[in-house]
Amino acid sequence: MAEFTPITIAYGDGIGPEIMEAVLYILRKAEARIRLETIEVGEKLYKKHYTSGISEESWESIQRTGIILKAPITTPQGGGYKSLNVTIRKTLQLFANIRPSVSFHPFTMTLHPHLNLTIIRENEEDLYAGIEYRQTHNMYESIKLISHTGCEKIIRYAFEYAVKNNRKKVTCLSKDNIMKFSDGVFHKIFNEIAKEYPQINNEHYIIDIGTARLATKPEIFDVIVTSNLYGDIISDVAAEISGSVGLAGSANIGQHYAMFEAVHGSAPDIAGKDIANPSGLLNAAIMMLVHIGQGDIASLIENAWKKTIEDGVHTADIYNEQNSSKKVGTKEFAEEVTKRLGQIPTKLPKADYPLIAEKQESNIDYKIDTNEVKKLVGTDIFVNMNISSAHDIADKINKLDLGNIELKTISSKGLKLWPRDTRFETISDHWCCRFMNKDGTEIKHLDITRLLEALSKANIDFIKVENLFEFDGVAGYSLAQGE
């Protein structure tokens, strides 16, 4: 008797329920060997005051099955709500987001008939950590977190993906010409890991020109690996230029869990109209079937779907007079796919997936390297003062008895404003005051607490402390522009 794999199903919001029903209909007709558990997430949960959009009962189902097929959800705009997608990815440590983009020319309209690439996006870190603060009346902060281990995991995954899927090249996208620490370590680790895969070509682009090339010459790319925010943006670009965002599915992979979803959003403006294209979620379900070792069913469905596309049976988003023969709605599209189960596409590539479940490499022990000597050499204290001249702030601080510690620089938004030859004025209430020992020696935490006490007694409103470290004698902090 065939073994059935338990799967957690989330119907989502907007067009989610109708495209999920269409996909489940196809899975049933194809006799996928899965057992479904349904959970409620998203908008209904937000309205019940679950700020993350998911309940404990839903988490229990996910922990039981380890696999989620999720339709798009709607995250309410404004404060107080967390993105459910980000919550699930981080909680389940789904570090890799895999987003294939393929042209189905000539059956869908695209300017790039040879587009066939996969974007591997880091899923847990970067600005999507969601750590934000309002520090003053004028200034807001969002923290970009990038770890050495996080970079190593996603970059190694990208090269392993290239090897397993017969890809020839991996391209890294970063902005390390500006963000020399966070994006710099991503690029550095990419170069190091690339040496372990001499059979795979590698290259690097700055994200801006890389995105421009992706939009105009996508056929030059094969596998792209990048950090969270950049990956989110460029995967939508790639999906759009392939012919329709509605065709793209994605996988979120971790060591113990996996989630599969469409790239597109919940599109509440067309919800309930039976016009949404279920192909994105269907392609995500195909990726899920491959992941759990049901490559036979995945191939059966993908070939039927491709034959449907070849036959010109299209939903409104990809329908065109030149290549389409019939415009159908969500339900009818699913029915047309099932009519073609067992058929093979004649022009698009035939799918033939293995019957082996995908497993994450477990022999790599990702550890935090603590061999570098870490030395505390200073501190940046951010202060809230509604004043136009950094010289006035310096005058006030320099009157204080700070012992061996001295004020080195004052900057605002990364620009050094003191000491300068001219009294440059700026509109700011957010100032970074950099302190170090006069003799350049190591400082102690007690020195910093005494410094904060002195600032407090002088009624200087400090809002943040960022300590400055050297690692093996190399500065672990950036200099302000002009410093």
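Just so you know, glycine gets a Cβ as well, placed from its N, Cα and C.
Per Swiss-Prot, the NADP(+) site holds Thr74, His264, Gly265, Ser266, Ala267, Pro268, Asp269, Ile270; the candidate it also names there, chosen from Asn252, Asn277, is Asn277. With respect to Ala267 (NADP(+) binding site), the closest of these recorded positions in Cα terms is Ser83, chosen from Ser83, Arg121, Lys175. Nearest Cα neighbour of Tyr128 (site 'Critical for catalysis') among the listed binding-site residues (Asn85, Arg99, Gly265, Asp269, Asn277): Asn85. Asp232 (Mg(2+) binding site) is 7 Å away from Arg121 (D-threo-isocitrate binding site) when you measure Cα to Cα.
Arg89 (D-threo-isocitrate binding site) carries a helical DSSP state (H, G or I). Taking each Cβ in turn and tallying the other Cβ atoms within 10 Å, the top scorer among the recorded positions Arg89, Arg99, Arg121, Lys175 is Arg121. Figure note: comparing Cβ neighbours within 10 Å for the binding-site residues Asp232, Asp269, the maximum is reached by Asp232. Among the binding-site residues Ser83, Arg89, Arg99, Asp232, the ones whose Cα sits within 10 Å of the Cα of Thr74 (NADP(+) binding site) are Ser83. Counting only same-chain residues at least 6 apart in sequence, those with a Cβ under 8 Å from the Cβ of Ser83 (D-threo-isocitrate binding site) are Gly53, Thr75, Gly130.
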